[in-house]
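To start, the structure itself, in structure tokens.
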């Protein structure tokens with residue numbers, strides 16, 4: 001055991017040297033030594049667990065013929081000579097408690113019984129024990145190699161450590177076919193030169209009556225077996241000494257019973273294998289073989305470590321010569337040395353950031369790839385869905401505000417969509433921050449001078465990381481402020497252009513429709529112009545053919561005719577010019593009366609589609625009025641300029657007022673003064689207006705009240721009464737315009753956020 005203790009100290013020294021060569025802090029390095037790892041390999045029932053129990057000195061690992069070990073068991077052993085041979089201390093969460101071998105065995109059996117045979121990757125079990133009987137090894141008991149849960153990944157996880165000892169366990173009955181053993185094949189795969197492999201032949205007592213098996217066992221022990229086995233040190237065991245000693249521990253002294261069981265096992269092996277070397281029989285021979293292989297592995301590693309130490313020493317000497325002897329003996333020299341190391345670290349950091357030494361390309365990839373992609377993947381389609389746009393506009397402006405002006409709602413929509421850009425901006429800052437933190441660590445490890453001063457190196461990394469954390473927080477605030485600025489300021493020119501485009505689009509649509517219906521309108525206009533008498537306007541419900549026949553019978557030179565135009569299936573639409581009184585005087589306007597809807601509307605020109613004002617006649621009174629009642633008379637020049645003759649104008653005026661005093665009837669006007677072009681036109685207008693105004697419960701009230709812009713004709717007077725534009729279609733068009741603006745802002749953010757990050 002003294003030899004094992006020396007190997008433990010040498011293993012720790014080699015671990016420290018490895019950490020030093022890697023420029024790691026020896027005390028804080030996570031590097032572990034694998035020289036003392038012993039991995040048991042064998043099929044189900046080969047006796048792996050029994051062999052490891054022999055090394056431990058206590059029967060704590062479950063054994064059996066049906067694959068008792070269903071998950072990897074990792075046992076870290078610590079030797080304490082002050083304990084008795086039957087004392088076991090279990091370490092859990094930095095606390096030590098004494099346990100019995102039987103309780104540990106039952107606990108492992110319970111945990112292993114819960115592992116299903118179909119589990120692809122069972123969780124390993126870790127134990128840390130302190131006892132006086134075991135060498136300070138790290139034992140790993142793997143499940144049988146012929147079990148389904150054992151795959152190449154599990155095997156490589158424990159065997160790829162190139163200093164772990166591979167313990168190949170084969171029962172004596174299978175010794176004649178040792179070449180076909182899977183455990184041997186696996187060991188050769190990871191250790192082709194057998195510099196870290198030890199073979200164990202178990203269950204010798206069960207093959208005592210089989211001469212062929214005994215002969216194969218003795219050949220292996222004499223290194224005269226198959227070629228694959230000749231370079232492996234083999235040891236013979238029975239594997240039941242620990243169980244026997246545990247059974248007799250209560251009837252004799254514990255130390256005596258265990259030593260006696262080991263000696264008895266050795267004597268039994270000598271009597272069975274009479275021609276085998278006695279140095280390869282029993283538990284002591286196994287421990288010596290393991291120590292010899294560990295020593296061989298260390299001898300292979302030492303030259304590499306010594307060469308590394310010499311190179312490191314040469315680098316240190318060169319640095320000392322370069323810095324001079326006085327630079328570190330004074331405070332000024334220490335300060336100069338620190339500044340020099342900081343300069344070297346800065347140069348390395350810039351090389352990693354801008355050159356090909358580090359991961360600086362990830363910063364560019366984040367700015368030019370990941371961040372723009374996240375911006376493009378924002379769910380703006382969902383936000384610009386017509387139902388969502390309508391909901392936002394209604395919530396912002398009230399009921400159907402887009403019939404007048406949806407600017408407030410569209411601004412709310414723009415703010416909501418641009419709010420989505422905040423999260424990608426923050427993620428971009430976090431991503432770049434992580435890359436820069438990794439570059440700081442890489443640059444510090446690549447700075448030769450900092451490797452000689454680990455505390456100073458840690459301080460440099462901490463200061464740089466703290467600065468990057470501060471920069472990250474400031475950058476997040478800046479990118480959020482940038483997005484908020486775009487959200488808060490939506491240029492009014494955008495909405496001006498929005499209205500301009502809307503009007504231009506409507507103008508183009510009107511031109512296309514007017515072109516297609518021009519011929520029909522001209523033909524109908526010529527027919528309507530032939531209606532020369534007031535009686536024709538009143539009986540216009542007839543067909544156009546009768547209108548033509550009657551118009552041909554009128555004497556246009558001797559009798560005054562009405563200039564009003566009548567259309568519609570029942571002659572319910574009447575249209576013509578009237579003069580409307582305003583603050584600027586009399587203005588000529590085109591008026592349209594819809595008897596079914598009971599409304600009178602007007603436009604500036606006959607070609608216009610939409611009314612500039614409408615009057616609901618059911619709420620109005622129609623009265624005649626003279627010039628003296630309406631206002632001071634204008635000069636004859638003004639009247640002639642308005643197209644009126646001064647001598648006839650006094651009898652052509654009539655007014656429309658509300659039945660309810662002080663109630664407006666159109667816009668802000670409570671009284672509307674109108675003047676006809678002739679007495680015939682005046683009489684016809686007043687008759688039809690009074691007829692509609694006095695109708696109560698009739699057709700004008702009972703039928704649906706269509707908007708004034710809806711056409712009830714066959715297309716002949718489409719310019720006088722046209723169907724209103726679909727508000728939802730108008731809103732959809734405006735949302736598309738707003739989406740174009742939002743996408744332009746998002747593209748701008750994609751280019752500007754990296755500048756402030």
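Note that Cβ sites are derived from N, Cα and C of the backbone, with glycine treated the same way.
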Which range of 700-726, 727-753 is region 'Disordered', per TrEMBL: 700-726
Feature region 'Disordered' in TrEMBL, mapped to one of the ranges 387-446, 447-506, 507-566: 507-566
Model confidence over the domain 'PH' (571-694), averaged pLDDT: 78
